[in-house]
Amino acid sequence: MDLPPSLDFSPAELVIRIGDFLDRKTLASFSRTSKRYAQLLTPQLLTLWLSCTNTGKHCYRRGFSKTQHWKSSHIVGYFTNFPSDVSRMYCCSTLLHRFAEGGNLELVKLMLSRGADINAKGRYDRTPLFIAAKRKHHQVVQALLEAGADTSAKDTYGDTPLKAATIFGGPDVLRCLLNSGQYTPEALLEAFEQGMKCYWPETCGEVCKEIGSALEKVGYEFNVTGTNGQLYLHSAARRGVSSLVQFFLDKGHDPCRLDEEGNTPLNVVCLDSIYHSAGEHPFMANREGLTPLHKAIQNSQIDFVGLYLNSGARVTFQSKNGIKCMEDILHGPRDIFELLVDRAPSLWPIYVLQSALHSYTTELKKGHGHLYTPKAIARILKLAKSSKTTINVSTRDASGATPFHNMCLATYSRAEVTGLIRSFIEAGADIDMPDDEGRTPLHNILGASYGIHERGIIQTMINLSKDLDKLTKDGSSYLHLAAKTKQLRAAQLLLSNMSKETVFAVDKFGRTALHYAAGSGNISMIQQVIATGIDINVKDQRGRTALTFIDSKDSEPRAAVLIETGADVNILDEEGRPPIHYANHHDETVELYLKVELLSTKAAMSATGESSQPGIG
């Protein structure tokens, strides 16, 4: 059998020629199949890479960051000799720009050794140094600085590499630039104030510390206000950077000074342990009624919340905004909530928590809850279980319902609802408390559990109930609801612990538990209810017996159980309809009824015939 020809033994010229007809992606895949192909095709692949994806005004720099991993000797060998003009601008950048962006130190040094223009301006007039600083490639930054890169070159927006490092580059890149000693005090101060605005607070502190040290080395003394009139100490407190606050305190800045809004730094954020020696009262509320602790909580600054609590703070002033702040933390960052529960549960007014519990559970009952609603409920219940507060989880609303009533009607999320119901029980919720309609939480969960709630929690509630004979105002018992919602295990527990009177009770429709068991489709449930001695032929308000409720698919076995234990197939309802009328779509059940009626008729005729025969004498 002849094998297909292989390119492995083809002349190099042919392999290169084939590469001319491949797109960039296919060419890249082909070149990775063997060392020979990589050696032959790398120049073609890199030549394609040198061209931008868009030759218009805007250039989309795709794949530049991947140059960091270009360690192949084929690639290094290619750029050692090609292109001849290493300072050529390829639409948006030079090779030095591209390798600086990717962080490839070896190729950056190669371009520098070949005489690349170190201060060439690419897209947005940015130099390779600017790009390397922005991308946090501190080794590349150091190499460019040693080669004489201009640290003061500005881009289209007037930004320098120092500013790029201040915002994006981080301490390592910043340290390289500062150690170059090429910056004036004015430039350093501008970078310092820019660093205070850094998006990441932890980076903000490190950046400002580095630039602050550089400013001190050139003899600069910090004023209270910055170049734009902002108060340094307030700005640092607002950012929540403790190291930066300490920096300004060490410079003698006044912690009691008010800003234009009448706030001290302590009103901006809680820093009591730092400011304590300055004599400022740390618990004073500002004009909005917010204390430093409230502000720290709002800004999710757990370190400062801890500092405030360590000072022994006790918040006695509770404004509308302060209360709103404490409500928000119920579904805010978990670490701050846990800290407050452990250290200062009294920050939550009891009436606020009880009101919130009603509101949140009502949302879930109506199916309108937000993603954070279960979290907030769980946290309030955790507070209730902690014994650090006196939350009553069984307070009633206008309809007499408790939050536990609402929770037992919720269908928001099966797993979450079940867990929250268990938490309510652990927090002391009253399972047997009726609302104005006489419905208890157990009534609600049995009535709403069409496959939504876990069976286990229902059984737990039955076992914990102190009164299983409770009826609602419409006469519904727990057994009525368990039968209706096909809760077999719940029905078994109830039958074992309920009084006979409750088992035989009828609801507002005149129906017993047997009516609902017959409609449940569960033979075992029907048999267990029958075993109590209940009247099998009792009629509801419409004259219907349990037998007429068997009107679903595969109903014949259930009908047979009822008939075998005495159900009368000839009883008519108010409209004159016998049970067979309700089974007209189920052939097997109809046949069963007809058979029973036939046997009944024969028995009656036989009995009549026997009684009419003359005696033998």
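Residue positions begin at 1 at the first shown residue.
For all residues, glycine too, the Cβ spot is worked out from N, Cα and C.
All TrEMBL annotations are machine predictions without curation.
In TrEMBL this protein carries:
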REPEAT    94-123  repeat 'ANK'
REPEAT    124-156  repeat 'ANK'
REPEAT    228-260  repeat 'ANK'
REPEAT    288-320  repeat 'ANK'
REPEAT    399-436  repeat 'ANK'
REPEAT    509-541  repeat 'ANK'
REPEAT    542-574  repeat 'ANK'
| said: For the repeat 'ANK' (228-260), what's the mean pLDDT in this predicted model? | reply: 75
| query | By DSSP, what is the split of the repeat 'ANK' (399-436) into helix, strand and coil residues? | reply | 20 helix, 0 strand, 18 coil
| message | Please list the DSSP helix, strand and coil residue counts for the repeat 'ANK' (94-123). | response | 18 helix, 0 strand, 12 coil
| task | For the repeat 'ANK' (124-156), give the DSSP counts of helix residues, strand residues and coil residues. | result | 18 helix, 0 strand, 15 coil
| remark: Reduced to three DSSP states, the repeat 'ANK' (542-574) has 13 helix, 0 strand, 20 coil
